[in-house]
Amino acid sequence: VKPGMVPPPPGEESQTVILPPGWQSYLSPQGRRYYVNTTTNETTWERPSSSPGIPASPGSHRSSLPPTVNGYHASGTPAHPPETAHMSVRKSTGDSQNLGSSSPSKKQSKENTITINCVTFPHPDTMPEQQLLKPTEWSYCDYFWADKKDPQGNGTVAGFELLLQKQLKGKQMQKEMSEFIRERIKIEEDYAKNLAKLSQNSLASQEEGSLGEAWAQVKKSLADEAEVHLKFSAKLHSEVEKPLMNFRENFKKDMKKCDHHIADLRKQLASRYASVEKARKALTERQRDLEMKTQQLEIKLSNKTEEDIKKARRKSTQAGDDLMRCVDLYNQAQSKWFEEMVTTTLELERLEVERVEMIRQHLCQYTQLRHETDMFNQSTVEPVDQLLRKVDPAKDRELWVREHKTGSIRPVDMEI
């Protein structure tokens, strides 16, 4: 289905229906078509008119759509779905759906759903493919609805738990990177200390002339280089190690709160599902009892049997009402879990992007400091290069001879 186009309604297959500008059509999880105005965020079950000046939809239809929470309808459908032309689809086995409609009078057929670990999904054999919430991305909010078998044991791990483990692993990796930089700093500090110590060594300090000056500059360059490495280590600490270590100091505590919140919603969902099953079982028993009493009435007519049937019918009706109420409460709990899952997984996704970007920036700072250190190190040896180019053995010999000469008259042969 292209953007702005919808399939013709039954009986109008021969023509293509064109929507007014700004309107898109989508299918609800129950297969009912609805329309969204991407400009005004208006939603309606009624197809908007393409004629100018005619209202897009009567207000009575707009109010019948479920309210949106955190950008999503209570049924789990995006409040503002992306354009269908760019929409990816996925099999319905991995997505969350309601056990039924939010109203007990619009219960979803049980054959169209399958319940796994108290979460109701569309049945893969009867439900159409679902649209991804973020079709252009491999987003957390689209791929972690189902539970996964625990490789460590016989149980299962919730999809949200996998996301949480990744967040905590990311925090641990960040901490280990900080410890790695700490070791790098220690190496720099030890190196600077050894360079400074070596620069004070007296070896070859009696070298004279221009070569002696060059040698003295070599030793001085070691002291200058030691200073460069000390500054490098100090900047590594303040600009790389410390930010990595202190980034999100309370992250684990925050993730624990987040985990408890989603886990509580999942427990509530499991409790609601248990109530549904209990009510379903009670209804089956009441129906069986009613059927048995009806059969007894066919065999022998009596006022007592008629009274029993009326009583059994009332109990069966009450059990049916109880089941509908439990299903409604279950759907509300699942809808709440769905909304919180979408909101929280998107937040975890944002936090992961933020963490990666933060580490990238500080590693870039590390390489920048490293380049600066190399440049400063080069500057410490430039005076040495200049003096080495001025070393003149002939001049050194002249100066030394002038200072230490003992006499210029050469010996001659002895005369008899």
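Yeah, the Cβs are placed from backbone N, Cα and C, and that goes for glycine too.
Per TrEMBL, the features are:
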COMPBIAS  1-11  compositional bias 'Pro residues'
REGION    1-111  region 'Disordered'
DOMAIN    17-50  domain 'WW'
COMPBIAS  36-47  compositional bias 'Polar residues'
COMPBIAS  48-60  compositional bias 'Low complexity'
COMPBIAS  90-111  compositional bias 'Polar residues'
DOMAIN    136-396  domain 'F-BAR'
COILED    266-307  coiled coil
Checklist entry - Is the coiled coil (266-307) packed against any residues at least 6 beyond its ends, judged by a Cβ distance under 8 Å, and which are they? => result 99, 115, 117-119, 158, 313, 315-316, 318-320, 322-323, 325-327, 329-330, 333-334, 336-337
Checklist entry - Taking all residues of the coiled coil (266-307) together, what is their mean pLDDT? => result 85
Checklist entry - In the compositional bias 'Polar residues' (36-47), how many residues does DSSP put in helix, strand and coil? => result 0 helix, 4 strand, 8 coil
